[in-house]
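**Q** Before I ask anything, here is the structure I am working with.
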Amino acid sequence: MNKRVYNFSAGPSMLPVAVLERAAAEMTNANGTGQSVMEMSHRSKDFKPIIDHAEAMLRELMEIPGNYKVLFLQGGASLQFPMIPLNLAVREDGKKQKVTYVDTGVWASKAAEEASKYAEVRVAASSKDKAYSYIPEAPAPDTEDVYYHITWNNTIVGTKWNKIPNTGSVPLVADISSCILSEPLDVSKFALLYAGAQKNLGPAGVTVVIIREDLIKKVPDWIPTMLRYEIHAKEGSMYNTPPCYGIYIIGLVLDWMKEQGGLAEIERRNREKATLLYDYLDQSKLFRSPIRKEDRSLMNIPFVIGNADLEAQFVKEAAASGLVNLAGHRLVGGMRASIYNAMPKEGVLALIDFMKQFEAAHRS
Ligand SMILES: *Cc1c(COP(=O)(O)O)cnc(C)c1O
């Protein structure tokens with residue numbers, strides 16, 4: 001293959017070509033330093049502006065209030081599953097504290113399961129009864145909850161929350177790995193937001209944590225230093241070597257977003273792309289979306305035919321046409337098109353075109 005494909009992978013996923021080209025141009029000599037960002041000491045005067053820029057751009061585009069810290073960590077979103085309860089719910093006397101989770105899919109249930117090692121987890125609602133095809137009504141928090149956790153966009157099944165649950169004074173925590181900066185989100189309504197970078201922000205290896213300062217507290221001594229928000233916040237994400245190159249690419253991706261017209265324009269494009277695909281699915285005689293209309297994700301769009309052989313053939317033929325990674329998650333089957341910020345409208349139109357041809361050939 002000597003041209004770029006439209007990559008519908010759920011993550012790692014497409015990055016804007018302009019970002020890749022800029023990174024290539026700066027590969028051996030970044031900002032006139034005579035070195036690659038990969039070669040810089042993280043404590044040098046050359047790297048400092050790079051991490052500061054990434055943070056400043058994130059603050060600007062997400063409108064992050066001043067009383068929140070932005071951390072660039074490692075270990076993926078999956079390491080936040082235990083870090084959140086370890087930092088917010090563990091007490092010196094060892095008594096397990098109450099937390100609430102809403103189970104909207106595989107990642108949400110993994111987060112709850114991991115938390116149950118350190119906290120008294122109540123799974124207050126679940127959409128497992130209908131294969132996670134909808135977002136349940138958010139139950140009220142328990143008055144004793146130390147936090148309340150949701151997964152804003154459910155990458156595998158393709159649902160998303162449309163309303164921020166009202167948890168009163170209970171801190172609201174959300175996994176936004178697969179939807180960060182896809183549309184505006186009122187950060188001030190959340191106590192903690194986290195996202196692995198490899199879906200909408202940059203390469204794998206960086207996790208962004210946005211945490212309200214009053215939640216950053218000293219934790220019991222047995223909790224490993226590397227797992228403490230307090231340490232990472234105090235050290236400006238430089239307690240140890242941060243994922244320098246990934247942070248640099250995040251800065252470039254955020255520059256690109258701003259050049260495109262900022263989050264409002266990115267949201268407009270995302271809605272346009274998703275609407276094109278859902279509208280086609282809703283009138284198709286071959287394909288359909290299994291997801292309740294009002295809960296559909298803008299980023300991850302699963303669809304099915306209901307015939308595993310035909311679905312496998314679709315995925316294979318699509319790949320041969322330069323539309324790659326359309327197989328659904330191994331746990332759910334079918335197909336899934338992940339159309340993150342970097343997926344151009346042309347990619348979605350090419351997919352719909354291909355689906356129309358496939359439908360014409362296989363409609364009985
Ligand atoms: C991909 C994903 C994860 C896991 O991310 P890792 O960085 O691989 O640990 C967790 N939550 C959601 C919503 C995801 O999409």
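Cβ coordinates come from backbone N, Cα and C, glycine included.
Automated prediction, rather than curation, is the source of TrEMBL annotations.
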**Q** Of the residues Asp52, Asp129, Asp175, only one is listed by TrEMBL in the pyridoxal 5'-phosphate site with Ala77, Ser78, Trp107, Thr155, Gln198, Asn240, Thr241. Which is it?
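**A** Site partner of Ala77, Ser78, Trp107, Thr155, Gln198, Asn240, Thr241 for pyridoxal 5'-phosphate, according to TrEMBL: Asp175.
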**Q** So, in DSSP terms, is Asp175 (pyridoxal 5'-phosphate binding site) helix, strand, or coil?
**A** strand
**Q** Need one number: mean pLDDT over the domain 'Aminotransferase class V' (5-351).
**A** 97
**Q** Of these recorded positions, Arg43, Lys199, which scores lowest on Cβ atoms within 10 Å?
**A** Arg43
**Q** Radius 10 Å, atoms counted are CB only; among the binding-site residues Ser78, Gln198, Asn240, Thr241, which position scores highest?
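**A** Buried the deepest by this measure is Gln198.
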